[in-house]
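Engineer: Once you've had a glance at the structure underneath, I'll fire off some questions.
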Amino acid sequence: MKTALVILDGWGLNDDPGDHRDAVAAAHTPVFDRISREGATGRLAVTGRRVGLPDGQMGNSEVGHLNIGAGRVVMQEYTRIEDAIARWRGDEDVPADDADGAFDENEAIASAFDHADEHGGRVHLMGLVSDGGVHSSQKHLHALIELAAERDTPAVTHAFTDGRDTDPRGGADYLADLEAVVDEYGTGDVASVTGRYYAMDRDRNWERTREAYDAIVNREAEHHAGTAVEAVEASYERGDTDEFVEATTVGEHAGLEDGDAVLFFNFRSDRARQLTRLLADIEPEDETVGRWPEPPAVRVVTMTEYDKTFDLPVAFAPRQPADTLGEVVSAAGLTQLRLAESEKYAHVTYFLNGGREVEFPGESREIIESPDVPTYDETPEMSAEAVTDTAIRYAERDDPDVLVLNYANPDMVGHTGDYRAAVEAVEAVDTQLGRLLAAIEVAGGHAVVTADHGNADDMGTEERPHTAHTYNDVPFVYLSPAGDDGGKRVHEGGSLCDVAPTLLALAGVDQPAAMTGRSLLDDA
């Protein structure tokens, strides 16, 4: 083995927790403490423009792995949408972009409004309503409502509540903001409210997705409310926070009808695919999903490309970086292994490869199933041991030149808001990290340990748990084949785009010109 990249998903460095609980600092982590002393240690920026996001926006797993694999700052769709809106509003400080242009001139978005106008229908705006910035931005919804008013096209909103990347009870405020925008522009009334647990399932729990579908299309739901805020407040009274709001119809509106248009404004794809399939009548060929509904004849437009096989209008088409880490390693004739449990499998494959569904020559993949539980606080160890067992088996048998491995626990358990479980998750990862690093050392490999973003480093207070990612830097630790710093030091000011150049240098592979990051290691 030449080099290994170990990603501790959701493991941040909290320098000022205040009265918030830091599960990373509280956990017993003898392995991480040791390598921080004995290895070359630094920290990386993972937020805002340093990873291609708008200023002040926290990072996430998708953005993190894209930047890690690309070896350069990858401009995110979130930022491209923000810039297009700014151009529409006449902001001269935003750089020109001939491909994206101004928001009101976007062909796919305009086609949704045109379709509704031509058929006497309405535009159904749907997506996650929060400022979490991981799957969506409420500012984009507000802009769409403003655009609907400017065009005089009737519009309604189907709001999905967050509570995972935001405060678990922040939904009432987000929906109050939305209702104020609706009042200001006179369109975009909220027609349904559903928690992301149902509307944005990505694990083929089609019965959950169907609950959101029935509320949107058929106006069939277990609950009804007069306003969007009343919908979530009633959910709180039932003991369900934002993520778990059961499908609720709101007000007096018709369902989705022939001649209408759907504009799904989430910019992250994975949790938008299942509902999009139902609405666009794209039945998956590789699984049984029960009785497939027959949606109305509508035009479905997505903010970004949710799946290249969908053949739907896309407002902001993907820009996929070339010469990513995996591609360069493959071109050099080296072998590589991508390894994670199912919750993070797409991140070490699809996202690390620049958002491309491609498996390069010499690239092996192993997926370990995540535990089948409603939330991971029930099993904070998740599948970390099985992931490590697989890595050790490969190191002893096939000895890939480059290993990329993700431990999901700090992120996935951090999202539950359960502090004790998050501490256990961090400790479980530390234990497995020790086993893994020992195997890498035996195999004669360099090891790089880092994270894509923070999460478990801020679990909030007991009264107000924090379930979202953090703005904190993440660690970067280098261990030589001897298990020490190898006479190296980590330079300051690094970010995730510098990880791939570092790995290539350790593997003895030339860095391509397209990678603008630089190796994080200097001679001490």
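Cβ coordinates are placed from backbone N, Cα and C, and glycine is handled just like the others.
Under the heading active site, phosphoserine intermediate, TrEMBL lists Ser61. If you look up TrEMBL, you'll see Asp9, Ser61, Asp452, His453 marked as Mn(2+) 2 binding site. Sequence annotations record features per position, and here TrEMBL assigns substrate binding site to His135, Arg164, Asp165, Arg196, Arg202, Arg268, Ser269, Asp270, Arg271, Lys344. Look at TrEMBL and you will find Asp411, His415, His469 tagged as Mn(2+) 1 binding site. Taken from TrEMBL, the feature domain 'Metalloenzyme' covers 1-510. According to TrEMBL, the feature domain 'BPG-independent PGAM N-terminal' maps to 100-308.
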Engineer: Suppose the Mn(2+) 2 site is Asp9, Ser61, Asp452, His453. Which further residues of the same chain have a Cβ inside 8 angstroms of that site's Cβ centroid?
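Structural biologist: So the additional residues around the site are Ile7, Gly10, Val46, Gly59, Asn60, Gly64, His65, His347, Asp411, Ala451, Asn455, His469.
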Engineer: Would you list, in sequence order, the recorded positions among Ser61, Asp165, Ser269, Arg271 whose CA lies within 10 Å of the CA of Asp411 (Mn(2+) 1 binding site)?
Structural biologist: Ser61
Engineer: Same-chain residues six or more away whose CB lies under 8 A from the CB of Arg271 (substrate binding site)?
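Structural biologist: In sequence order, the residues whose Cβ lies under 8 Å from that of Arg271 (substrate binding site) (at least 6 apart) are His135, Arg196, Met200, Asp201, Arg202.
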Engineer: Which of the listed binding-site residues (His415, His469) has the least company, meaning the fewest other Cβ atoms within 10 Å of its Cβ?
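Structural biologist: Lowest Cβ count within 10 Å among the binding-site residues (His415, His469) is His415.
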Engineer: Please report how many Å separate the Cα atom of Ser269 (substrate binding site) from that of His469 (Mn(2+) 1 binding site), as a whole number.
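Structural biologist: Ser269 (substrate binding site) and His469 (Mn(2+) 1 binding site) have their Cα atoms 18 Å apart.
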Engineer: For the Mn(2+) 1 site (Asp411, His415, His469), what does the 8 A shell look like? I mean other same-chain residues with CB within 8 A of the CB centroid.
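Structural biologist: Nearby residues not in the site list: Asp9, Gly10, Asn60, Ser61, Arg164, Asp165, Pro410, Met412, Gly414, His453, Asn455, Ala456, Thr467, Ala468.
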Engineer: Enumerate same-chain residues with a sequence separation of six or more from Asp9 (Mn(2+) 2 binding site) and a Cβ-Cβ distance below 8 A; give 'none' if the list is empty.
Structural biologist: Ser61, Lys344, His347, Asn406, Tyr407, Ala408, Asn409, Pro410, Asp411, Met412, Ala451, Asp452, His453, Asn455
Engineer: Sorry to bug you, but what's the C-alpha spacing from Asp165 (substrate binding site) to His415 (Mn(2+) 1 binding site), rounded to the closest Å?
Structural biologist: 7
Engineer: Of Asp165, Asp452, the binding-site residues given in the record, which has the fewest other CB atoms within 10 A of its CB?
Structural biologist: Asp165
Engineer: Pop the Cα-Cα gap between His469 (Mn(2+) 1 binding site) and Asp165 (substrate binding site) into the table, whole Å please.
Structural biologist: 6
Engineer: Greatest CA-CA distance (Å) over the residues His135, Arg164, Asp165, Arg196, Arg202, Arg268, Ser269, Asp270, Arg271, Lys344 that the record ties to substrate?
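Structural biologist: Spelled out: the longest distance between any two Cα atoms in His135, Arg164, Asp165, Arg196, Arg202, Arg268, Ser269, Asp270, Arg271, Lys344 is 19 Å.
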Engineer: Counting only other Cβ atoms and using a 10 Å cut-off, which of the recorded positions Ser61, Ser269 scores lowest?
Structural biologist: Ser269
Engineer: Let me check the 10 A CB neighbour count of His453 (Mn(2+) 2 binding site). How many other CB atoms are there?
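Structural biologist: Excluding its own Cβ, His453 (Mn(2+) 2 binding site) sees 30 Cβ atoms within 10 Å.
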